[in-house]
């Protein structure tokens, strides 16, 4: 016997969260809980404003229609990426095919003060990997901050993300302030420039490896080995079903590229599932999941070690 519930939720964000020049005051999304006999599976559907093609209102309509079809015996996945991902997670939990083992080691995220990151990294066991958002301030400032971090922590490897913010000139201004001897410790810089060709040129001219992120979701993208390209960053909420995520990871690994499972600022429930997906598909790579502290609460499932208050499912708005 099948049953299902759908919940709508909204989490207040910290004041300083800006996405694509837009302040994100709340994180809005949906949960689906599928039950069959004694088993149940959960999934999160939370399109990311400014990045997802769909709004959460669009996602809600598609999800409710899919749930009704599933209750009637139809299991075909929806095409909308955020819904396909959430539903496929719920189905995988229901079928017990999503492993429980999780990689909760997140690369800490630096949005502002480099001193905060230095303190975080001092207590980090093992390989020191951190992520720094660049492109929000002047490129020269970004270069100086990155250089400072690499100089202060000799065993640090940095992942940088520019979200296509730079012109070729700004990319050169950034690189000018990063010591040549430190550049090999930049694990990769995600999408430095507005076009892929400009990003490729940046990698050739600076010796700084790049990674594809937004490019993966463009219709003309193909997985090929290219000089200067070291990694792909896979955001499942923006990608689609678990099968599609796995296909992309396998395509990257076949070319010798690093595949990084990365957050789209999901709630704690979604983040714990991403940690399980990372342990399953990319066991040797620290995922990019250090976004929970951008929120003011956890929901339904706790992230280990987080001190944020937990909102129980009973406090959420039930739609079905």
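Just so you know, glycine gets a Cβ as well, placed from its N, Cα and C.
If you look up Swiss-Prot, you'll see 133 marked as active site, proton donor. The feature active site, proton acceptor is assigned by Swiss-Prot to 235. The Mg(2+) binding site feature in Swiss-Prot is assigned to 161, 190, 213.
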Rounded to the nearest Å - Cα separation of residue 161 (Mg(2+) binding site) and residue 133 (active site, proton donor):
5
Cα within 10 Å of the residue listed as 'active site, proton acceptor': which of the recorded positions 133, 190, 213 qualify?
213
May I ask for the distance between residue 213 (Mg(2+) binding site) and residue 133 (active site, proton donor), taken between their Cα atoms and rounded to an integer number of Å?
14
Taking the Cβ of residue 190 (Mg(2+) binding site) as the centre, count every other Cβ atom within 10 Å, in any protein chain shown.
27
Could you measure between the residue listed as 'active site, proton donor' and residue 190 (Mg(2+) binding site) for me? Cα positions, answer in whole angstrom.
10
In which DSSP state, out of helix, strand and coil, do we find residue 213 (Mg(2+) binding site)?
coil
Number of Cβ atoms other than its own within 10 Å, given for residue 161 (Mg(2+) binding site):
22
